[in-house]
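K.L.:
Below you will find the structure I want to go over with you.
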Amino acid sequence: MTPAEIAPKDRLIVALDLPSVDAAEAMIARLGDSVTFYKIGYRLAYAGGLPLVARLADKGKKVFLDLKLHDIGNTVAQGVESITRLGATFLTVHAYPQTMKGAVEGRGGSNLKILAVTVLTSYNEDDLHAAGFRLGVAELVEARAQQAQVLGIDGLVSSPEEVGALRKIVGHQMSLVTPGIRPAGSASGDQKRIMTPGRAITAGADYLVVGRPVVEAAEPKAIADAIQAEIGQALGA
């Protein structure tokens, strides 16, 4: 699917960063037909949320399984092979060469798309230097993107700040997925490299991941609808 073929409604991925399956299912019910794509991360996955992937798929929803796998290639390959049976659309791995290579091997001929996480959106230059990286955020993101493209990764996860540069590097051959999205007036929380939905889409993002601004809202459906409307405006839809 080319970027032009992605409907505005399908570009919003709501992060179900909730404490239980019951809480997640209640949120899904409140959002109804407004949301077609959900993210399941550590918190929900380890609270019994993995079977929810298949249940959502049966309802025609898509699931982004955000597990950020990072291990030796063989272990990742075996894990990803098992994950292909869950019915998820996207799966994240960290953008290290052995990890990415193993994920592509484990995916095989399935429909699962592998996304490489470049640099977490909670990191800035100081955090990278403290962790021993000599490259800055932009340089490291671009280097990892180039490696991911060579290894056959389907898409990249980065902050919206790097999307424009990444689009120039990978063209439209890879999907660009951006967390760190905050509607105007929302608290940034623990995110350090953030952007509004419209600006992120204009910069070149294909999919936007939004969690707390939606799931912690008094009226989550209204917030999701507003974000999708902003996406549509940015696309000229």
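Think of each number as a place in line: the chain as shown, counted from 1.
Keep in mind that glycine also has a Cβ here, set from the backbone N, Cα and C atoms.
OK, Swiss-Prot features for this one:
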type	residues	note
BINDING	Asp17, Lys39, 66-75, Thr121, Arg182, Gln191, 211-212	substrate binding site
ACT_SITE	Lys68	active site, proton donor
K.L.:
Which entry in the list of recorded positions, Lys68, His70, has its Cβ near the fewest other Cβ atoms, using 10 Å as the limit?
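P.N.:
Result for the recorded positions Lys68, His70: minimum number of other Cβ atoms within 10 Å at His70.
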K.L.:
Report the same-chain neighbours of Gly73 (substrate binding site): residues 6+ apart in sequence with Cβ closer than 8 Å to its Cβ, ordered by sequence.
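P.N.:
Set apart from Gly73 (substrate binding site) by at least 6 residues yet with Cβ under 8 Å, we have Gln98, Thr99, Lys101, Gly102, Glu105.
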K.L.:
Under 8 Å between C-beta atoms and at least six apart in sequence, can you list the same-chain neighbours of Asp17 (substrate binding site), or say none if there are none?
P.N.:
Lys39, Gly41, Arg43, Leu44, Gly211, Arg212, Val215
K.L.:
Give me the CA-CA distance between Lys68 (active site, proton donor) and Thr121 (substrate binding site), in Å, as a whole number.
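P.N.:
Distance (Cα to Cα, whole Å): 13 Å.
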K.L.:
Report, as a single number, how many Cβ atoms besides its own are within 10 Å of the Cβ of Thr121 (substrate binding site).
P.N.:
25
K.L.:
Please list, in sequence order, the residues in the chain of Leu67 (substrate binding site) that are at least six apart in sequence and whose C-beta is under 8 Å away from its C-beta.
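P.N.:
The list for Leu67 (substrate binding site) reads Gly41, Tyr42, Ala45, Ile83, Leu91, Thr92, Val93, given in order along the sequence.
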K.L.:
What three-state secondary structure does DSSP assign to Lys68 (active site, proton donor)?
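P.N.:
Lys68 (active site, proton donor) sits in a strand per DSSP.
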